[in-house]
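Annotated features, as they stand in Swiss-Prot:
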type	residues	note
BINDING	36-43, 278-287	FAD binding site
DISULFID	138-141	disulfide bond
C-alpha cells in the first residue's frame, strides 16, 4: 500500500460491525480498507456455536466469520494486517492511522470498530507466568492442544458457560469456577452445560494461585472459604472485557472509561470519525447490534462522501 493513497474509509477492526460497514461502503463504491492484527471475525472466531443469528438455527462462529470476511472482500474492500497504534485527526476530511510497523494509512473518514479485549485476572498468583503455558483465552483455538487433561473455566456469564460446554468435549474434566452463588448466563446455555457429565461447577469460588514446573500443573481454588487443589493443564478466564481503543486517545474521541460516545449516526464528537460495535457506549452488545451499527455507519458514509 502506498502511503500517498487516500482511502475514502479506513475501518479499524475486522469483527461483525467492521465487516458489515465494509460491505456497505465498498458496495457503495467507496474506496475502503479495514485493518486488524487478528484473524478476521473478531469474537466470532471464539464462538463454538451461535444460536441467535437470524437464518441459522446454529452456526459455527468461524464459519460466520469467513462468510462476513468474504462478503466484504467481494465488493472490493481491502484487508490490511496490522496493529493501529495512533489515530491522528489531521482535519475534518483527512485522518491518518499509524501502524505498529511505522506504516501510515490516510483516509477521509475512519470507523473505529476495535471492540474489547478479555479482562485478565492478574490478582491470581503466578498468573502472568503461565500465559501461553496453560493460561489461554480461546477454547476453540487452544483447547485441543491441552489434550484430554482437566481444565478450568472462570466465569458465570454466557461466554464462560458456552466455552465450558464446548471444552467438555475435549477435556476429561472441566471445572467451572463461579465467583457468585449462581450463573448470570442464559438459562438455555446453563441447562446445556449442566447436562455434561464431566463438568463440575464450583459456586462461591475463586482461583488464588497457579503452579507448575514448565507448564500449568495445578491451581489453588478458594471454595466456600476452603482451599482446594485442582490438578489441571489449562485455564480459560471469561470474566468480562475492557475497551480496546487506546490508539484513539490523541484523536479526542475517548471517554474517561475508554469507550466512545456517538450520535444516532455512529459519528463521534470529532467530524469524520465514527465508532461502532462493542467500543461504543451502549447497553446491549451482540453480533446483531454490531452489524446494525456497521450498517448505519456504512450507509451514512456512503451518502456523505461524494465520489
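Residue numbers in this text run from 1 along the chain shown.
Just so it is clear, glycine is given a Cβ too, placed from its N, Cα and C backbone atoms.
For residue 285 (FAD binding site), the count of additional Cβ atoms within 10 Å of its Cβ stands at 15 [all protein chains shown]. The two recorded residues, residue 285 (FAD binding site) and residue 138 (disulfide bond), show a Cα separation of 19 Å. Residue 138 (disulfide bond) sits 13 Å from residue 39 (FAD binding site), counting Cα to Cα. Least crowded of the recorded positions (138, 279), judged by neighbouring Cβ atoms within 10 Å of its own Cβ: 138. Neighbour counts were taken as the number of other C-beta atoms within 10 angstroms of each residue's C-beta; across the recorded positions 39, 141, the minimum falls on 141. With the fewest other Cβ atoms inside 10 Å of its Cβ, the least crowded of the binding-site residues 36, 42, 282 in this structure is 282. When the Cα atoms are compared, residue 42 (FAD binding site) and residue 141 (disulfide bond) turn out to be 13 Å apart.
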